[in-house]
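Notes follow once the structure below has been shown.
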Amino acid sequence: FHIIQELFGCELQTDGSKGGFMQDGYDGRDFISFDKETLTWVAADPQAQITQRTWDAIPGWNERNKAYLEETCIEWLEKYLSYGNETLPRTEPPEATLERVKTEVEDGMEMHICQVHGFYPREIDAFWTRDGEVWLQDTLHKSVAPNADGTFHYWLSIRIDPKERSRYRCHVEHDGLLEPLDLALEEPKSNLGIIIGCVVAALVLVGVIAGILVFLMRRRDGYKAAPTSDKGSNSSDQGSNQAA
C-alpha cells in the first residue's frame, strides 16, 4: 500500500498580508504543491508531473484553491483566534499553603504538604529546596489536576527531620506571579496559650460557682435566723402584758 499526505493552511500577518499553502506528499516524500500567486501546481517529483498537468487543466480549480486560502481559511482563522483570545492571555496566579500532616512514630520524621491551587495556565514549576538548592530526596509530586472553574491545582510532599525544618522551603514559579513564591516550613504552634486560657477559664468558673454557693448558704442562714427574732419579740410582749 502507499501513503498520501495532504497539508494546507493559512496565515494572517500583523500588517494585514495573507499567506497560505497547499502541498501533498507521497510515501513520506514531497509530491506536489500549489503556488497561489501563479495559480499553478508545482511538481516536486518527476512522477507528479502528470498530476500537475491534470490539476492545472481543471477549469476554476486553482482559482477556488486561492480563494479558499485567502478568504475562507482566513475567516476560520480569525474566528478561532477570537475564541482563543478569551483564554490564551488569561493568567491566574497560584496560591500556596503549607500543612504538616503527621510525625512518624518509628523514626520521628515529619511529613509536610505544599498545596498550590487556583492557577492558570496549567504550566507550573513547584519544588522543594534545602538551603536554597533543589531537593528531591523523600519528596512526592502529584500530577496537575483541573478545578471546576477552569483553574488547576497541584501538591507536593516531603519527609524531613524536625530538627532541620528551617532548612526547607516550597518554591513555586508561574506565569501569573510577579515573583516566585518561597514558603518556609513553620515551627509547630505552641499549645501553651491554649492551656493557659483553659486554666484561667476554669479558675473563673470555679470562682463563679464558689460565689454562688456562698450566696446561697448565706441566704439560707438568714431565713433560719428570722423565726428566732420573732419568738423573742413575742416573749417580750407577753411579759409586758403580764406586768400590766
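These residue numbers are counts, starting from 1, taken along the chain as shown.
Yeah, the Cβs are placed from backbone N, Cα and C, and that goes for glycine too.
Positions annotated as compositional bias 'Polar residues' by TrEMBL: 230-244. Under the heading domain 'Ig-like', TrEMBL lists 94-184. Taken from TrEMBL, the feature region 'Disordered' covers 224-244. Residues annotated as transmembrane segment in TrEMBL: 192-216.
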Inquiry  = Please list the DSSP helix, strand and coil residue counts for the domain 'Ig-like' (94-184).
reply    = 6 helix, 53 strand, 32 coil
Key: Taken over the domain 'Ig-like' (94-184), the model's mean pLDDT   = 92
